[in-house]
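What follows is a short report on a single structure.
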Amino acid sequence: MDLSALETEGRNTRTTELDRLTVPELLAVMNDEDRTVASAVRDVLDQIGAAVELITESLRRGGRLIYLGAGTSGRIGLLDAVECPPTFGTTPDQVVGLLSGGPGAFVTAVEGAEDQPERAADDLDAIGVSADDTVVGLAASGRTPYVVGGLQHARGAGAATVSIACNRDALVSRYADVAIEVLTGPEVLTGSTRLKAGTAEKMVCNMLSTASMVRLGKVYGNLMVDVRATNGKLVDRVRRIVVESTGAEPETAEQALAAADGHAKTAIVMLAAGCSADEAARRIERAGGDIRTAIGAG
């Protein structure tokens, strides 16, 4: 596989003397390069939005968001997946991260795993990929065999497919219903796509999961109302969320949370609509999780 023509593998003309720079100079040039990433992501907001629609529809019908990748790209997808349960109250199987070489490859690289497209098919089959799911393949180069094979297999299973790459005309784009190509250009350190490309992939994943969860009613204003108080930090956060959402006194918020089994959304509906925890839960279910609809559904 010839990668020499890829922009992410090219030499950055602004950093050819990287080893001669002072530490302040080196950090400044890295920061300057990083500042270009947000602009590159902004250029593909339409494609990101289209992917959000696919993901939201999958989650609404009981399907999953499945990230698929190798190396840094796979780790970024896995990182976003594992953050969804504590942030949005999802179950661990609603947002899934598949990493070539398995979970152990997050810490220790599994040599050659990314070059085996059949591994992705096996990994997807192991979790029962179906037409209800959206599979997001991450590959900075746009050519990783594991990701190409995974997207092909997901399509064959009827799943919606999204690709994220950092080169134009990426191979993975051919197998995606929505192709996201964030053109981050040559890296500060030649070929080290854990830098700008990795940052871009993380930004896109942040958008995909967060925007989808907002659409699903897991956010009220800008507050994480589906979070459950499972540790000391979250107990305090959930109490503050209820207070800020309703204007209730902290003691009143605590009483509502106790009745709501620590669930912020239920406590908010209880206080805002003046109803019991059971009635709040019923309202939320009838409203499909949308808190504003639940409050007004008297």
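Indices start at 1 and increase along the chain as displayed.
Backbone N, Cα and C atoms are what each Cβ position is placed from, and that goes for glycine too.
From a predicted model like this one, the values you see are computed outputs, not experimental measurements.
The annotation active site, proton donor is assigned in Swiss-Prot to Glu83 on the grounds of sequence analysis. Close to Glu83 (active site, proton donor) in the fold, though at least 6 residues off in sequence, lie Ser209, each with a CB less than 8 Å from its CB.
Mapped onto three states, the DSSP output places Glu114 (active site) in helix. Within the same chain, residues at least 6 positions away in sequence whose Cβ sits under 8 Å from that of Glu114 (active site) are Ala70, Gly71, Ser100, Gly101, Thr144, Pro145, Tyr146. Feature annotation from Swiss-Prot assigns active site to Glu114.
Taken from Swiss-Prot, the feature domain 'SIS' applies to 55-218, supported by sequence analysis.
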